[in-house]
Amino acid sequence: MADASVIVAQVIFGLIRGILLGCVFALIALGLNLVWGIAKVVNIAHGELVMLGAYGAYFLNLFLGFNPLLTAPIDAALGLAAGLGFYFAILHRELRGKEAITLQSEMVTLVATFGLSLAISNLANIAFTGNFVGIPFDAGSIEIGFLQIPLAGIYVAVLSVVIISLTHVLLNRTYLGNAIRAYSQDIPAAKLMGINPTAVAAIGTGLAFAVTMAGGAFLTTLFPTGINPYMGALYAPISYVIVVLGGPGRMWGSLVGGLTLGIVIDVGQIFLGVEIAYAVAFLLLIPVLLLRPEGILR
Amino acid sequence: MNFGRLLRSAPTLWGLAGFLVVLAVWGPWIPTFVLTLLINLLLFASLAYSMNFIAGLTGYVSFGHVVFMGTGAYAWGYVVGTFGWHPLAGIVAGAAVGLVLALGIGSVALRFRGVYFAIATLVTALAARNIILVIPALGDGQGIILNLGFEPLTWFYTIWVILGIQVGLTYWVTHGRIGYGLRAIKSDEDAAKALGVDAARLKLFVFAFSGLFAGAAGALNVWTLSGVFPEPAFDLLFSLQMLAMVIIGGMGTLLGPLLGAVAVYLPHNYFLTVAVGAEFIVIGILVTFFALVVPQGIVGALRRYVPTLRGIIE
Amino acid sequence: MTITIAAVEVHKRFGGVLALRDVSISVAEGQVVGLIGPNGSGKSTLLNVMAGVERPTAGRVVLDGKRVDGLPAHRIVERGVAKTHQIPRPFLGMTTEDNVTVAALYGSWKVRDAGAAREQARKVLNLIGLDGQADALAASLTVQTRKRLEFGRAIATGARILLLDEIFAGLSPDELREAIRLFTHVQEEIGFGALVVEHVMPAVLTISEHVVVIEEGRKIAAGTPSEVVRDPNVIEAYLGTEAARAAT
């Protein structure tokens, strides 16, 4: 039964790769989840942030020789600034003074960020050219039996989980976190507690962008030639599915959703091929929305 | 009802009708170069009216409308390529497939409100594209190549008819009982239900029209290209442009989709020779600007700021 | 033939919370029934169950002899029962008249023609004294006017029984007197039945011929207004706090 053992080996490898990929997916989706959960903004330009994070890593490596793992904090700092800018340039106009964020408001920011997404990806296409690029990075690999697992993948997966955990701690154990959670649940009540809604929403957005761009930097180590101006068109929908799976506003949910998607995609493609594996991953959203609109947790 | 009163009661409708009649009469004398531009403009307008049925009239923003275009295109390619149907019959097939798919997708996705509907339609379109890629009868991802003649005048009158029907239907559903129901749903769906509006049925009704016309337009689009290929047929940029046209022109209005089509098509054509892709930067910035500053679109803004136009354009 | 809507032994559970336990109530066309109880006692939930907005966890809703629980809200409206929202939900971008026209077109009148429905809407606006604001955008109306519009829309559906969620709340004494006068006038004119949910006691006691009291999802008393106010359970659960507040 040589065939069977080959398939088993493939599945194990797919599973490991899916878990590593899933951790990075989770980090990227966490960025979406934060803005979605805090400001009720579904950022359609989320994928473009991932793309900018990846290009940030690429250029830092190309011109300054940075290790892609070390580019993540720089990306995050850029993301923080971009998030604050984005909040005041785009969101503030719609969200300021609102006591509750209505469906109408959600649709306004959805459409506004959709326009941004279109502009940013095509601007990038002109600025960076449409060629696929990548960062040559090999951190070696470890061998477990017949399996070779690239260490870079393990590093970024672990770092992703660490960042997600830190975000969790930040949201649940700090004053800023409490303020953010209060704002996301009840704006008038948060105001009564002396919380400045604008500051909280802006910082939350900055945090979300920082996390997303760091995730974009991490991705470059998993996909050695996957950087392209339109890569966001893939990572945005993946993030939507992850957030819905885990439940908007639930930070651990992102991890569960990310791992689910990573495994479905990497194990699925062994049996179904890449196209159908992705189709299945995308369509997971539908039964979850129908049966468990609050997410699969609980 | 005498003619003058009819004219006054629906000036926008008659204005659009006049515009179409002028085009139809002029048709045979239009220089070929201009004609191909016009075909594309009318195709864009047709896609805009298709999107207007759902996003404009109910507020349900669909990011995946290209799925109806793409499947309509493949239906056309399949019946024309495999069964040798006349291309015009292929358009009907494309429309039928769009309609059936819209009923299927709509009966599930229309249960999701707001952003959830937008995301559900997006992932459906992405998944549909991936599935089409692996179907052997549909070219196994290689597409279907057909060598049909260059018939700009036939294409022109075909899209003309499709657009004419859409304009008429848009007028019909925005006036009278259905129009009241749709406006109520768009404003507050639960409150509408509490007054007896069967929101689910009404939404599905307009979504079906939306899918039907996107299917027909998708079929016509590939007829002009003489072949169906997965990447262009399912290019998400079509969905996004459909939405952009309706947002810029004015959601749910009668004239808006046409104005939006012009606003999106002009940069398209201009940048084609300057910098490919740059048109989307312009369109994207326009969309963001309109969403935040002029959410009622060109038509809504004109009605609001130019009082004399209030009774004329809709 | 008059119609009757009844909730029979209705239970409603939200997650771990039992919002309604074994509540029965009925309203017939032409009859005004008051439903009172402290905040959070389950009044609105009961209304939602009867209007088809929520499904009961157990028990049934019977309209005109047929079970209607599980039917969507719009089907209940078609059968002649309409509910108002506690916080009015007008279609903000539409005029007052258009708001009411929607109700006339889709309610139980079976008016299909927009012109006829507008005519109907104008009659209703006249009846509730909003004819002067027919062309005003709903977004420009005051909260009190919105409440009146909410009431007018429910009437315009052609409902023979209205489920009214706190239409008298938040009014000044003068406004309350005026609102009660209007309600009584319209009720006599049309002859609809109404289940009036309120925690403003005096209003309910004035207009209702029968009053049901619920507390923590349970029915604790029922009877004529004068019987109910003397009921020790009610005094304990409801009037006690109210009286205490009045005394201070």
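Glycine is treated like the rest: Cβ placed from N, Cα and C.
A TrEMBL annotation is a machine prediction, not a hand-curated record.
If you check TrEMBL, you get these features:
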- A:12-37: transmembrane segment (TRANSMEM)
- A:49-70: transmembrane segment (TRANSMEM)
- A:76-95: transmembrane segment (TRANSMEM)
- A:107-128: transmembrane segment (TRANSMEM)
- A:148-171: transmembrane segment (TRANSMEM)
- A:192-215: transmembrane segment (TRANSMEM)
- A:227-245: transmembrane segment (TRANSMEM)
- A:276-292: transmembrane segment (TRANSMEM)
> Where, among A:12-37, A:107-128, A:227-245, do we find the most CB pairs under 8 A to the transmembrane segment (A:49-70)?
Replying inline: A:227-245
>> Below 8 angstroms Cβ to Cβ, which residues of this chain, lying six or more residues outside the transmembrane segment (A:107-128), approach it?
In response: 39-48, 51-52, 55, 90-91, 94-95, 229-230, 232-233, 236
>> Considering only Cβ pairs within less than 8 angstroms, which of the stretches A:12-37, A:148-171, A:227-245 has the most against the transmembrane segment (A:192-215)?
In response: A:12-37
> What else in the chain is close to the transmembrane segment (A:227-245), if you only count residues 6 or more beyond its ends and a Cβ gap under 8 Å?
Replying inline: 25-26, 28-29, 31-33, 36, 42, 44-51, 54-55, 58, 117, 121-122, 124-125, 128, 130-135, 216, 219-220, 253-254, 256-258, 260-261, 281-282, 284-285, 288-289, 295-296
>> Are there residues at least six beyond either end of the transmembrane segment (A:12-37) with Cβ under 8 Å to its Cβ atoms? List them, or say none.
In response: 43, 46, 49-50, 147, 149, 153-154, 156-158, 160-161, 163-164, 167, 184, 204-205, 207-216, 218-219, 222, 235, 238-240, 242-243, 246, 248-251, 253-255, 257-267, 269-270
